[in-house]
Amino acid sequence: MEAAVRTACIPPKRDARCSVAKTLKHGGVSLPWLDQSQPRAESTLSMSRLPVMSSKRVLTNSSGSENGQDMAPAQKRIRKDPESAKPQAASTVVGGRRPPALATRAPLSKPVRSVGAATVAVGPSRGVLKSSTAAAKGGNVKQPVASTAPKTVTGGGGNTRRLPWDLKGKVSDMEGKIRNYQTKFKSVNQENEDLKGSMVQTQSKVGALQKELESQRNQISEYEEELQVLAGVRDELEKVSSERSTLQREFSNLEGKYKVMETLRDSQETELQTLKMKLSVQESTLTRVQANLRDREEEVRCLKETVAQQKDELHGGEMERRRLHNTIQELKGNIRVFCRVRPLLTGGLTKHIQLPACDNKLITLAKTEESHTGKTADTQKNYNFNFDRVFGPGTSQQEVFEEISLLVQSALDGYNVCCFAYGQTGSGKTYTMEGDEFDDARGVIPRAVQQIFKAAEKLGAQGWEFAFTASFVEIYNETLRDLLYTGKANKRPEHEIRKSTNNEVTITNLTYEKVANEDQVHGLIALANQNRSTAQTAQNDRSSRSHSVFQLDIEGVNTGRDIKCKSTLCLVDLAGSERMMKSQSQGERFKEMTAINGSLSNLGIVIAALANKESYVPYRNSKLTYLLQGCLGGNSKTLMFVNIAPETDSFGETLNSLRFASKVNDCVIGTASANRK
Ligand SMILES: Nc1ncnc2c1ncn2[C@@H]1O[C@H](COP(=O)(O)OP(=O)(O)OP(=O)(O)O)[C@@H](O)[C@H]1O
């Protein structure tokens, strides 16, 4: 019933406000909260209810939710900017648009009718509603409703209305309402003050909270910094941890190695012990050996003394050998002649000639002479020649060399030695001097060279050192030609024989090749043969018409005994000695034969002059004698091979050669003396 009365007394908000305003204007009563000229009162009213409504209700409607979370942002906005919230609320009310909105939104929360007359004043705020309700409960709201009951008319819907004429009643109602509103206004003001107070408190709390928040933020930033530091520390720790694990792995590896090393050390210690034992055994052995060694050293010292004595004796023996050797050579004569008969090459013997009878030193050349008259029998004429040695046709190269090897030995003892082969063309001069390349057929030159180097090596043990220089020269038509020349043919130099102040004969521009062994000499002989064959191609059979002279200069030094020796081994293959008449030479050949015969007859003249001890020896009459001057003089040992051919048609030349050789053989060229210092 009371609710019904309250509902009847409360008009729709807008209508009621307008009707009250009209009534008051008409009645001359001034209501400050309705007057447009009193914005302060309305503003105050608005502040008391609208901010709450606008913040809470609007948020509720817009989101459709009333929970605290949705409200929180709005509340925060109000707290942050409370001043800005006031005009908003005020403008909402002043614009006069808020009430319809409230009326429209009212059904979303609670039915308007349940609020009763307090709906306009309270609005949707629960706090205000509670206050209004509390005010109503206080009895202020209910008062004007019951006093005019007799003068009200109840409509079909149950509402009570005053009769139109009951103005007093209406005024009374309005006054009741005014009182009611004033009471509400007061309570709202009070509530507003309370809210202000609480807002100030809240603001101070907010400030405190902000400070606290700031300090919290600072602390957070400190914590963050600390966190960063700690993150760094954590990284460091992680690094250290990984390093630690690496170190642990290395450590475990090292442990493994250490164990292996320990095992190795143990085995080596064992080995060391064994070695120590062996060492002690060895040391005792060494002591014994050292004692033995001292004994042996003493023995060696004694032996060395003996060796030295024996060396002295050997040297004395060597000197004695040389002296005796020289004596023998002197007894044999310083110029000796060997005759060698070449074997028959082609045909057999004719009935008119016999092979020369050879008997060591005798050769008999026999010739059967036919009786021209026919009355007497054919007569045989023998030509006997004595030489130092006669080699028959069957004599080997080795046998021939054995006879002259003593002479070759003299070259190492410091004597000049000259060996030359004389004879007609084809009699075997080259065969005797050079021979064939096969071992058995090797001639005097290769065998002499071999002997020289072997003997030099043996003498090396007695302190001798030898140096050898080889040269090979050809004399053709009284012209010298270097057989060891290796340059261009058109640039061959000319050569002259020179004699130094110490009577040494040299040839200008000649190749003097230092040789140290037998093979090198063989190489030079091969080169000389090549040079001779080249010349021979240009001029047929030239070698037969030229003299070839191989010279080996020997220098020996015995430093220990301060002895030096110097000598020349001269080996000569003479040109063919056939007579000019037989050859019936003409032109170039005549010139050749003239040169050959001139040099060969001059050789005979020189030998004869030496034999006769003539004051003048015509060495310079031919290149051959000039070149061989050192080897033909008093300080030399000379050997002449006279080579003869056994054929019938060579009889005359053979006889001629034997006669020439016989003259040489009769010469006694004085006593040779060794060239020693
Ligand atoms: N003792 C010998 N035993 C075998 N063969 C020989 C003997 N002597 C010479 N001959 C041979 O006789 C030939 C002529 O000999 P060689 O050429 O030595 O004569 P040469 O006197 O040097 O002639 P040239 O004056 O023309 O040089 C050669 O074929 C050679 O091999």
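Positions of Cβ are set from backbone N, Cα and C atoms, glycine also.
For GLY423, GLN424, THR425, GLY426, SER427, GLY428, LYS429, THR430, the entry in TrEMBL reads ATP binding site. Sequence-distant contacts of THR425 (ATP binding site), defined by Cβ-Cβ distance under 8 angstroms and a gap of at least six in the same chain, are SER544, GLY576, GLU578.
Per TrEMBL, coiled coil is recorded for 171-257 (among others).
The coiled coil annotation in TrEMBL covers 286-313 (among others). With a threshold of 8 Å between CB atoms, the same-chain residues lying at least 6 positions outside the coiled coil (286-313) that come near it are 462.
The compositional bias 'Polar residues' annotation in TrEMBL covers 57-68.
Annotation source TrEMBL lists domain 'Kinesin motor' at 334-667.
Annotated region 'Disordered' per TrEMBL: 57-104 (among others), in sequence order.
Here TrEMBL flags 140-165 (among others) as region 'Disordered'.
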Exercise for the section: Find, among the binding-site residues listed as GLY423, GLY426, GLY428, the one whose Cβ has the highest number of other Cβ atoms within 10 Å in the structure shown. Expected result: GLY423
Handout entry: Those residues of the chain, 6+ apart, with a Cβ under 8 Å from that of GLN424 (ATP binding site)
Key = GLY576, SER577, GLU578, ASN643, ILE644, ALA645, SER650, GLU653, THR654, ASN656, SER657
Completion exercise
Least surrounded, by Cβ count within 10 Å, of the binding-site residues SER427, THR430 is THR430
Exercise for the section: List the same-chain residues at least 6 positions away in sequence whose Cβ sits under 8 Å from the Cβ of LYS429 (ATP binding site), in sequence order, or say none. Expected result: ALA421, TYR422, GLY423, ASP573, LEU574, GLY576, PHE641, ASN643
Practice task
For the recorded ATP site formed by GLY423, GLN424, THR425, GLY426, SER427, GLY428, LYS429, THR430, name the remaining residues of the chain with Cβ within 8 Å of the site's Cβ center, in chain order.
Solution key: ARG342, ALA421, TYR431, SER544, GLY576, ASN643, ALA645
Fill in the blank from the handout: In three-state DSSP terms, THR430 (ATP binding site) is classed as helix
